[in-house]
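Q: Sharing a structure with you now.
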Amino acid sequence: MSTEVIEGILYALVPAAIIANLLGVALGIVFGSLPGLTATMGIALLIPLTFGIDPVVAFSALLGVYVGAVYAGSLTSILVGTPGTAAAAAALLEGPALTKKGEAKKALTMTTVASAVGGLLSCLALILIAPQLANVALTFGPPEYFALGLFGISIVAGVSGDSLLKGLIAGLIGFFIALIGMDPITGTNRFTFENANLLNGIDVVPALIGLFAISEVLTRLEGKSEQMKARLAETSIGMKFTDLKKNWFNILRSSAIGTFIGIIPATGSGVASFVAYNELKRASNEEDKKKFGKGNIDGIAATESANSAVTGGALVPLLTLGIPGDVITAVLLGALMIQGLTPGPTLFTTNGDIIYGIFTALIISNIFLLILGLGAAKVLPKILQIPESILMPTIVVFCILGSYSISNSTFDVLIMLVFGFLGYLLLKFGIPLAPLLLAMILAPIIETNFRRSMLLSQNDFSIFITRPISAVVIIVTLFILGRILWNEMKKKNLKQQSIEGES
Amino acid sequence: MRFLKLVSTLLLIVVLAACSTSASSGSTTNGSDYPSRTINITIPYAAGGSGDLQARIIAEFLQKELKQTVNVISKPGGAGSIGMNAVKSSKADGYNIILTAVGPSTLTPNSNDVGYTVTEDFEQIAQISEAPYGIAVNESSTVKSLDELLDQAKNNPKSVTYGTTGAGLHQHVVTSAFLATLDGVEMEHIPFEGGAEAVSALLGNHTTASVNTVSEIIPHNGNGLRILAVTSEERLEDLPEVPTFGELGFELIGNGAWFGFMAPKGTPEEIITTLDEAIKKALEDEDVIAQFKNAGLPIRYLNSQDFKTKVEQENVKNAEVIQSLK
């Protein structure tokens, strides 16, 4: 170990850095769990305070917020069905069902442990093989992104619930919504109706808050969902060590998926948790597959370790190439530059000590996350003791405040409410909401990269199969799609046979 | 009890009086006592970006200089038009100003009907920064100079590609206007989502060239990328060996991504002058200079009059190019 490494580790262990880290994680948890307050905002608010502060101390606070916020987005998803970020939407697949079963505490504990493990594993990848991983990121050009997006679409089948057809309907609605706004290649307006608010398209976060939170409140208004109070006594069911033991491989695989997707710029944690969930489901046997969507703790382990593992992954291209993969890392890039550090290939040689300080700070953040999170898992389920007649209106207020605060826009509040109503209607028709959201996230990746590829190849489709990575991903996707169709046909045949048998 | 009532009545009177005086002082429009309350700086971008950062650095200085609270409010969306419209429709009293940039001022209103014209609806206060662009190729490329790149494009039409931050954004407008002046040179434009994506596509050899803000490509120069030319008027301190487009005999319609303060039309001239002077002072402050330098943002101050002339000229030129792109 060189002196640089030791110096770096010591930077991150000074009391000021430790305290900054702890406060950062705490602030991040608050920002992440309130819908509309995002990790990006938390970090942007802190940056002016970091002028003139020691870089490692500053980054202890900033990374603390990042790690805390990415983790905490899922807490409100699980407890009250209100995701704060796109990444937290995957927690909705199993979280609220677990809460309904009275296992809120168990779900939150698993969230915390899975997040911390995912975060730490991605840290390890970042520290040990960052430069090699960065080169992988560079091999991804438009055709590869397109193939990856296409692969993502195959997940729709996994999150559709009972009916593939209804899942596809939801996905197509999501695709259509993603088309609104300026055309990414030519700049032509699509479905904007001369409304300047629609030029940049529908923002995913207000749409998501409406889609999931408001629709849930409306459904509960009907009094159809069972009273919370009855489940109170059971919320104390904790997580057992066996739950963790049986999920070790699941968490490992999900963390690897999260880290990998984090490294590829412009894909993001929203996609990572859905992919991890889908892979878990595909790896399960037929018997276990039936448990999904009904409160399966394994699902939480997958989605949460994956979305937290994105943090370490996203720092790989940022630190080694100076390329931010998403909005949060773009803000972190600004923070690095203010410190006079230019991220890129030379950073490791010129400021090795600071880099190792940052690595250590990230590890410490994940440890604080575990400590604070386990505390939160004990306390937070008590929210459910609040009578529904008070809790539901409070959620609506937070949804409105949250969707306004994203870009100080009343139009976003309107979007949120419209999507709330849309979500309610879709639920009434039994159309699942997750595929809609997934399509909204994936559509821009697929569309822009398809069209970029066509520009690059002068309209020659072979660009997708002559490049190795994209060819492999496309073949795998076709294979998966084939299997999904095959299974559907089989299901249909079985049904037909049973009907014939009855008659 | 009676005593309490008396005290509270007195208190009420004092408060009311205070309010009315502050209200009346706020309503003087000639600007002689400006500023007497909080100033709001709107940015047409999301929090955390370079616009937000510049606004916050300047706001911190103005707060000390003008002895009033200065807020930064982010109103992103609508390709910058949401923030511009918010300031356009606010009171022209100097308490609502915007730190805007080339896109929301001279590109968006020329490509879309967004309800404002920068020259008619805004007063220019001062330009604060201008970040030049650079055109770069991958270091493994055989292209060593801008001329060689243009030759290659001439000999292999459409197969030479260049990436930028996005369709219809300044980098694209400036480059396509430049290419249009050349005979027989055709390069395919690949729009990306932000400068970072364009740089990573060039580093991965997916595009032939890329036009980016220099701060995005300088860290890679000689380490993955080769910068062929920069759009600034003079050579850059950080890139003494890289020629400017002007030196190579090319004329451009823009020299870089500028940021500047504007106020709604009809803001009293006295107030504009007060703000202009305070901003000028900020840009001469050592701390501010250091912060801009670290963030890779070149300070380029233009006073109210010069800024106004520049915006007028660029607005006309950019409108022409955008029409031709349609």
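Cβ atoms here come from the backbone N, Cα and C positions, even for glycine.
Below are the features listed in TrEMBL for this protein:
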DOMAIN    A:19-438  domain 'DUF112'
TRANSMEM  A:12-31  transmembrane segment
TRANSMEM  A:43-63  transmembrane segment
TRANSMEM  A:69-93  transmembrane segment
TRANSMEM  A:113-133  transmembrane segment
TRANSMEM  A:145-161  transmembrane segment
TRANSMEM  A:168-186  transmembrane segment
TRANSMEM  A:318-342  transmembrane segment
TRANSMEM  A:354-377  transmembrane segment
TRANSMEM  A:389-407  transmembrane segment
TRANSMEM  A:413-443  transmembrane segment
TRANSMEM  A:464-486  transmembrane segment
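I'd like these features described in context: how deep, what's nearby, how far apart.
A: Same-chain residues lying 6 or more positions outside the transmembrane segment (A:43-63) and placing a CB less than 8 Å from one of its CB atoms are 8, 11-12, 14, 16-18, 20-21, 23-24, 27, 328, 331-332, 334-335, 338-339, 341, 354, 357-358, 361-362, 364-365.
Note on the transmembrane segment (A:113-133): residues 67, 70-71, 74, 239, 244, 247, 251-252, 254-256, 258-259, 262-263, 300-302, 304-313, 315-316, 319-320, 348, 359, 362-363, 365-367, 369-370, 373 of its chain, located 6 or more positions outside it, place their CB under 8 angstroms from a CB of the stretch.
Long-range contacts of the transmembrane segment (A:168-186) within its own chain (CB-CB distance under 8 A, at least 6 residues past either end) are made by residues 153, 156, 160, 192, 198-202, 207, 426, 431-440, 443-444, 447-448, 451-452, 455.
Counting only same-chain residues 6+ beyond the ends of the transmembrane segment (A:389-407), those with a CB under 8 A from a CB of the stretch are 34-38, 41, 80, 82, 84, 203, 205-206, 209-210, 213-214, 217, 220-221, 228, 383, 413, 415-416, 420.
Same-chain neighbours of the transmembrane segment (A:413-443): 86, 89-90, 92-93, 149, 152-153, 155-156, 159-161, 163, 166-175, 177-179, 202-204, 206-215, 217-219, 268, 270-271, 274, 399-400, 403-404, counting only residues six or more beyond its ends whose CB sits under 8 Å from a CB of the stretch.
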Q: If you count every Cβ pair below 8 Å, which range out of A:12-31, A:145-161, A:318-342, A:464-486 shares the most with the transmembrane segment (A:354-377)?
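A: Between the candidates A:12-31, A:145-161, A:318-342, A:464-486, the best contact partner of the transmembrane segment (A:354-377) is A:12-31.
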Q: Mind pulling out the one from A:12-31, A:318-342, A:464-486 with the most Cβ pairs under 8 angstroms to the transmembrane segment (A:145-161)?
A: A:464-486
Q: Do any residues, 6 or more residues outside the transmembrane segment (A:318-342), come within under 8 Å Cβ-to-Cβ of it, and if so which ones?
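A: Distal contacts: 39-40, 43-44, 47, 50-51, 55, 58-59, 62, 66, 126, 130-131, 133-134, 137-138, 262-269, 348, 351, 354-355, 358.
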